[in-house]
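Listed in TrEMBL for this protein:
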type    : residues                : note
BINDING : D52, D54, S56, Y58, E63 : Ca(2+) 1 binding site
BINDING : D91, D93, D95, K97      : Ca(2+) 2 binding site
DOMAIN  : 39-74                   : domain 'EF-hand'
DOMAIN  : 78-100                  : domain 'EF-hand'
REGION  : 81-100                  : region 'Disordered'
Amino acid sequence: MSITDVLSADDIAAALQECQDPDTFEPQKFFQTSGLSKMSASQVKDVFRFIDNDQSGYLDEDELKFFLQKFQSDARELTESETKSLMAAADNDGDGKIGA
């Protein structure tokens with residue numbers, strides 16, 4: 001599966017363009033621009049599985065660091081502060097992991 005099987009390549013490119021500089025990644029804005037926020041729960045789970053490198057059912061900070069590269073291989077890594085911010089925004093139970 002490729003990420004472009006569920007998201008538009010143009011939308012992904014636009015979302016990555018908005019956050020190409022370090023410390024400019026804003027999760028909500030990225031999700032809106034890329035089309036993730038318009039997807040069904042089932043489609044979001046498909047994308048989640050694509051991002052979940054070890055197929056553990058959870059995303060940890062190590063996987064989140066490379067979040068943008070899952071959308072385009074030559075995208076930058078998230079900075080430490082961006083990674084922590086994304087984790088904080090999505091880690092509903094505070095266990096240091098994001099579940100599908």
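For all residues, glycine too, the Cβ spot is worked out from N, Cα and C.
Predicted automatically and left uncurated, TrEMBL annotations should be read as such.
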Do me a favour and check the Cα-Cα span between D91 (Ca(2+) 2 binding site) and E63 (Ca(2+) 1 binding site); whole Å is fine. 14
Candidates D93, D95, K97 (binding-site residues); nearest Cα to D54 (Ca(2+) 1 binding site) turns out to be K97
Within 10 Å of the Cβ of D52 (Ca(2+) 1 binding site), how many other Cβ atoms are there? 19
Distance between D95 (Ca(2+) 2 binding site) and S56 (Ca(2+) 1 binding site) at the Cα atoms, whole Å? 14
Taking only the Cα atoms, work out how far D52 (Ca(2+) 1 binding site) lies from K97 (Ca(2+) 2 binding site), in Å, as a whole number. 11
Tell me the Cβ contacts of Y58 (Ca(2+) 1 binding site) under 8 Å, same chain only and six or more apart in sequence, or just say none. D52, K97, I98, G99, A100
Count of other CB atoms lying within 10 Å of the CB belonging to D95 (Ca(2+) 2 binding site): 10
